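Features reported for this protein in TrEMBL:
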- 1-23: signal peptide (SIGNAL)
- 269-291: transmembrane segment (TRANSMEM)
- 330-359: transmembrane segment (TRANSMEM)
- 365-390: transmembrane segment (TRANSMEM)
- 402-425: transmembrane segment (TRANSMEM)
- 437-461: transmembrane segment (TRANSMEM)
- 492-515: transmembrane segment (TRANSMEM)
- 521-549: transmembrane segment (TRANSMEM)
- 561-580: transmembrane segment (TRANSMEM)
- 592-621: transmembrane segment (TRANSMEM)
Amino acid sequence: MAPPRSFIITCILILTISANTFAFYLPGVAPRDYREGDEVEVHVNSLTPMMGPATQQLKSVIPYDYYYKPFHFCQPKELKSQPESLGSILFGDRIFSSAYVLKMKVDEKCKLLCNQTVPPEDAKFINQRIRENYAINWLIDGLPAASKKLDAKTHTNFNSIGFELGDQTAEPSLNNHYDITIQYHTQDKNKYRVVGVIVKPFSRKYDATLFSQKDENKDCNSVINRLVLSETNSNEVFYTYDISWVSSSTAWATRWDSYLHTFDPRIHWFSLVNSIVIVLFLTGMVAMILLRALHKDISRYNQIEDKEDVQEDFGWKLVHGDVFRPPVNVMLLSVFLGSGAQLFFMTAVTLVFAVLGFLSPSNRGSLATVMIIFYMLFGSVAGYVSARVYKMFNGDSWKKNVFLTAFLFPSLIFAIFVVLNFFLVSAKSSGAVPATTLLAIIGLWFLISVPLCFIGSFFGFRKPKIEHPVRTNQIPRQIPDQVFYLRPIPSMLMGGVLPFGAIFIELYFIMNSIWGNKVYYLFGFAALVFIILTITCSEVTILLCYFHLCAEDYHWSWRAFLTSGASGLYIFIYSIMYFATRLQITSLTSTVIYFGWSGVMSLMFFVLTGTIGYFACLAFIRRIFMSIKVD
């Protein structure tokens, strides 16, 4: 049943307001008040690659555990891991306690953390990570430690999450001194909240005698020589830090604003205008067909039926006896459509929650967690839709349909996920998902998604069969030769371009967020682009479907699915271009991880958009054949 118009208008208004205000989020966690002298905990997270400062290109996609042995970072006496969400674990977060001691409003100067001996083989490993622009990630009061950056286009400062492991200006040098500036906001008398964390890393080659003296006035900044790790001899490394507390007028509720920086916001508006122009163009084309050509066709067909003279059918009415003929591989088609409907509802509901501000960036991994939960819950939609479509085309192997809907598409994604996880395990990356998490995902799948899929299929098969408006002939009609642009592959490639064209600019920002360790928060834009994508897929499929029917080609089912689904192919081609222009990856593991996840994203997009196109085409065909009189 279609939703009421008032609901649709309300949703569009909410999305438009969110897009215009760029970002809106609820704080997500309760604030913590500190008194002067209270300890403020510092947690450490995985080291992640970041864009190069000069080339703005990424050289790796593999995260590493902060306490991975070759790094030789200082460990606390009692190492504690922090609880993390499912999405946080899947994205490679590994959060632990640290040896740093911070006390509210207590400044420190050149404080020694520890000293470590780094052997040559580990020095080689560290130097390679410095060349790949790896960043250190801390969390202080749930807020990421950041480095100040300047946006060259807008000339504004912003906080970039993480800070450099080392400097590679001339040769790789390890940053072993950290100048930590913590901004606090005064709530009440002797009550303070952390609202900003800025870290400036430096490379310092210390003399051991500097720390053998008990001099409280020693200055680490007086050391000007950089620490270059030797790859032939052992290295003595001293880790030090300064702490400065600075009062700030920033309220706790808006402390994330400096992290949520928009790089050239005009591009987002250009993306939106570009998408709207494509939709208007397609809407004009479809309106011309529906209001002019199709209206004339229906009127002419019905006038002919009213006359007593026997006249031969022509145009798309010729295929009325074959248009609802079951397609080949109807089982596979119905399973894909069920999975596509599941993805559609998951995406739509997740975007609604994001637009309303429930997915705060302070809740690490909340977006991925919510998407997984909704995907599991909408297993019932997959079962119901698959059953309805399969029954509509007189399918009789209902047990096989239920089984494949519950397991085929999820098994394919999970198999790719497991293979990629083996590559991460071989690279000793923190991105490798632990066995317990894999078991938790399997448990969610078998205990929630699969039973809900079975329940959905049960109700789908119990419902009466969807009756077609016209009867299907026993003998299939011969299809005449088609012109080049209406043949399967050319028409699919043409149809996939427009949906991809409606989203490709926003796709660039999403790719930067996934691979460039940036926070994506413009969910208002994303929601509007998703609505535009849905409209574009529907209209382009209806347009090409009409042309095929006029050419007496009634094989529309798979054609409709593949036409709009072809946009997934363009997304994979775009990921290849992104790899060639924005990445400088040379390792096999990083390459496999990148193209593996790009393939998963393209496959899911293919099924999602294909489903949108199919149901739009089905509704269109049912409508036009219900409008004519057929013997």
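Just so it is clear, glycine is given a Cβ too, placed from its N, Cα and C backbone atoms.
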Review point. Looking at 492-515, 521-549, 592-621, which one has the highest count of Cβ pairs under 8 angstroms to the transmembrane segment (561-580)?
Key: 592-621
Review point. With the transmembrane segment (269-291) as the reference, which stretch in 330-359, 365-390, 402-425, 492-515, 521-549 has the largest tally of C-beta pairs below 8 Å?
Key: 521-549
Practice item. Return yes if the transmembrane segment (330-359) and the transmembrane segment (492-515) have at least 3 CB pairs under 8 Å (sequence gap of 6 or more), otherwise no. Key: no
Point to revise | Segment proximity, the transmembrane segment (402-425) to the transmembrane segment (592-621), 3 or more C-beta pairs under 8 Å | key: yes
Revision key, fill the gap. Tertiary contacts of the transmembrane segment (402-425), defined by C-beta under 8 angstroms and 6+ residue spacing from its ends, are 62, 331-332, 334-336, 338-339, 379, 382-383, 386-387, 431-433, 438, 441, 445, 449-450, 453-454, 457, 589, 592-593, 596-597, 599-600, 603-604, 607
